[in-house]
Amino acid sequence: MAAEIHSRPQTARPVLLNKIEGHTDAVNAAVLIPKEDGVITVSEDRTIRVWLKRDSGQYWPSIYHTVSSPCSCMSYHHDSRRIFIGQDNGSVVEFLISEDFNKMNHVKTYPAHQNRVSAMVFSLESEWLVSTGHDKSLSWMCTQSGSMLGRHCFSAWASCLQYDHETQHAFVGDFSGQVTMLKLERQTYSIVTMLKGHEGSIGSLWWDPVQRLLFSGASDHSVIMWDIGGRKGRTLLLQGHHERVQAIRYLQLTRQLVSCSADGGVAVWNMDTQREEAPQWLDSDSCQKCEQPFFWNIKQMWDTKTLGLRQHHCRKCGKAVCGKCSSKRSTFPIMGFEFPVRVCDDCFATIKDEDRTPLATFHEGKHNIAHMDMDPSRGLMVTCGSDRIVKIWDMTQVVGCSLATGFSQR
């Protein structure tokens with residue numbers, strides 16, 4: 001059922017410790033069991049499985065439970081051993097797992113949504129189950145009575161969710177590329193703000209309640225850090241993936257961000273360094289360097305008897321420029337550009353070699369990553385996806401190396 005990987009490479013990269021196989025359809029979520037050599041998985045094959053590591057080094061299912069509808073997501077609370085399973089039919093099923101992880105009992109079924117449940121969070125403090133679904137709604141229910149407390153509808157599918165247990169703020173990403181921040185009350189709610197910056201659907205969110213930072217990953221291949229606590233609208237753009245970002249996790253202790261994309265890319269971003277905001281793109285009817293008209297500027301084209309040019313933007317200064325004035329490409333990690341992007345010739349001349357020093361490391365997970373979970377105390381990461389394989393990684397080399405690199409660069 002699971003293969004143990006014995007080879008340990010010397011280079012600083014994620015070390016594959018185990019592969020768990022056995023699911024017959026996509027694995028939509030996998031979480032590491034704290035303080036145990038175990039993993040919980042849920043899948044499109046309608047199964048919930050608890051895998052425990054045996055003396056042989058392999059993982060075998062100690063719990064194998066089938067439900068009525070494909071499992072889309074889960075929320076596991078280790079201290080109470082309560083697990084909530086979101087399903088394709090819109091319902092959420094609660095189970096209680098035994099202390100030895102060999103049995104689980106059904107507790108309650110919640111009619112949370114009319115369509116597939118996309119994400120959920122259980123709050124023990126308030127005894128709330130907060131969830132989002134493809135019925136374009138956010139709902140919160142009382143886990144004691146099973147009753148619906150409130151619901152908010154969006155204009156697009158709600159795809160991911162984060163929740164601040166202390167302040168009862170919910171962050172919801174949707175398929176329009178927008179993140180909505182709401183304040184939830186027992187019988188009502190209010191919209192605090194809407195965050196717009198992505199050019200594609202939001203695939204994942206992560207909230208750090210200590211520094212009050214929100215991270216979002218999207219299908220536009222980018223990650224954005226939103227400084228919610230600063231209240232100045234500060235955002236940082238991180239670009240290094242080549243496919244949609246589907247899982248992110250911020251490590252508060254080392255101030256590193258781990259992000260995973262659909263093509264198996266794993267990025268570790270050093271956030272413990274001085275970074276700059278990428279500029280807003282400026283609008284102009286002509287090149288802001290050579291003043292040649294763009295192709296929609298009919299009047300200037302007629303007056304100067306010239307053909308209009310295509311508009312581009314310099315990623316460093318944000319000015320609207322033509323192709324001739326922006327022929328150079330460069331990385332600029334301090335603004336989050338880890339691969340070469342278009343810059344104008346003037347900005348290119350100001351970028352020094354030390355400005356191109358990477359502030360992130362990139363690795364290959366070698367499978368589609370739809371979901372990721374980490375246990376920072378043990379340096380472990382688990383990934384899963386549409387290939388039906390669950391992989392357990394040792395991340396201590398990567399995190400340690402990236403942190404050392406970050407301090408040396410400062």
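Including glycine, each Cβ sits where the backbone N, Cα and C put it.
Heads up, TrEMBL stuff is auto-annotated, nobody curated it.
According to TrEMBL, the protein carries these features:
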- 281-352: domain 'FYVE-type' (DOMAIN)
- 20-51: repeat 'WD' (REPEAT)
- 195-228: repeat 'WD' (REPEAT)
- 238-279: repeat 'WD' (REPEAT)
- 362-395: repeat 'WD' (REPEAT)
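Per DSSP, the repeat 'WD' (20-51) is made up of 0 helix, 18 strand, 14 coil.
Counting residues of the repeat 'WD' (362-395) by DSSP class, helix then strand then coil, yields 0 helix, 18 strand, 16 coil. DSSP states for the repeat 'WD' (238-279), grouped as helix (H, G, I), strand (E, B) and coil, give 0 helix, 21 strand, 21 coil. According to DSSP, the repeat 'WD' (195-228) comprises 0 helix, 21 strand, 13 coil. Note: the domain 'FYVE-type' (281-352) comprises 19 helix, 20 strand, 33 coil (DSSP; helix = H, G, I, strand = E, B).
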